[in-house]
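Peer 1: This is the feature table in TrEMBL:
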- 15-31: compositional bias 'Basic and acidic residues' (COMPBIAS)
- 15-39: region 'Disordered' (REGION)
- 235-242, 317-321, 381-384: GTP binding site (BINDING)
- 402-415: domain 'SRP54-type proteins GTP-binding' (DOMAIN)
Ligand SMILES: Nc1nc2c(ncn2[C@@H]2O[C@H](COP(=O)(O)OP(=O)(O)OP(=O)(O)O)[C@@H](O)[C@H]2O)c(=O)[nH]1
């Protein structure tokens, strides 16, 4: 702005000077003309050399004046041109700076746009996860929360009778006896400590206790970044092992991971065929042998394929026959040995799949598997089809094995990482605490 003010002020000054000088020249011209006509007269009347010389001098002076004026004008216009050039130069420099800044400005704009897009993508994803969890837990919530609300509405003060009825509601929702007793003990202690008198306030306190139990168990990620990973999936027939493997493969592939599947449940031909369907669905290579072949040999070939493809994750299906614990133990041990020997650099996880509809039975399955293998995490399937979702709390509390994923439907993207706070919020129909 200052530059333009300076520029126009100078321009005005130049213009004024020019006007003033032109007037002066015109006045001079007039007087010269007058002098010329007098001289002419004199020339005509008295022919004398002196006036002629004067006239010549006057003419010369006039010429000089005009020339001088022109020079001044030329100088002024040169000054004006300089100013114009200076302006142009400054403008050019400014435009260069703008051009230099342009890519940075564009980059910033693109970055902001990308970030906004990512946030926009992330937000519905988060919302989608919670709404799926929320609708998946409908039966459990109706069963559990409905019973809790009924109890709390029926009392004006917190007394022993209220505690007993709450205890019953928790047991009916499959929290398990031990976990329920433990929860009630914590509830009584908090009521005393916080001097709670209103029955309606117990709901919040219960949600807090459940969130606390679910988050108490350290939950590590299923796979380690920058390392090859092997996941052995165990569990009894029909719990949703194959489906879970397909869903996991799909999720890892969405995260741009290279995945290989191995059909090490060779006990039934149908298990291999079913895994092939999920491998096709998630577009993942499947290593398989004939029905009845050695499961450890399938794992061996799976490792070979994973190494050749520089895979991030190898997921092995296994047969879960609890009827013969000795065989099951031998089979799992042999697979473990092969992995240790052939793939020592890999991170190994044993994931047990449990069917939530079996409620407390799921808990006893984990107990048996824990006798034959080290179990690192739990996948609880079919939470959408059961009123017994409270079993999750019992499993977390009594087994000290973290729930890593939950199944909330039959579709490929109906498996989600277990989020304890979101689970408790969906159970109590509230916000995450
Ligand atoms: N609603 C619902 N159904 C599920 C879920 N997970 C698996 N299923 C269904 O449970 C049934 C059994 O699943 P599979 O994956 O075949 O179970 P499996 O443990 O591999 O069983 P076998 O192959 O017999 O050993 C199938 O009909 C699945 O669609 C889930 O999270 N929700």
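We count from 1, first residue shown onward.
Each Cβ is built from the backbone N, Cα and C atoms, and glycine gets one as well.
Automatic prediction, not curation, is the source of TrEMBL annotations.
For each feature listed, report its degree of burial, its nearest neighbours and the pertinent distances within the displayed model.
Peer 2: Sequence-distant contacts (6 or more apart, same chain, Cβ under 8 Å) of residue 321 (GTP binding site) comprise 236, 267, 327, 328.
Here the domain 'SRP54-type proteins GTP-binding' (402-415) has Cβ contacts under 8 Å with residues 132-133, 135-137, 214, 217-220, 222, 240, 243-244, 246-248, 250-251, 281-282, 351, 356, 377-384, 392, 395-396, 423 of the same chain, all six or more residues outside its ends.
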Peer 1: In the three-state scheme derived from DSSP, which category covers residue 318 (GTP binding site)?
Peer 2: strand
Peer 1: From the binding-site residues listed here (238, 241, 321), select those whose CB sits under 6 A from an atom of ligand 1.
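Peer 2: Once distances to ligand 1 are taken from each Cβ, 238, 241 fall under 6 Å.
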Peer 1: Is it possible to get the count of other C-beta atoms within 10 angstroms of the C-beta of residue 318 (GTP binding site)?
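Peer 2: Taking every protein chain into account, the count is 26.
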Peer 1: What's the most sparsely packed of the binding-site residues 235, 238, counting other C-beta atoms within 10 A?
Peer 2: 238
Peer 1: Cβ distance under 8 Å to residue 241 (GTP binding site), same chain, sequence separation 6 or more: which residues?
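Peer 2: Listed in sequence order, they are 233, 234, 235, 265, 317, 320, 353.
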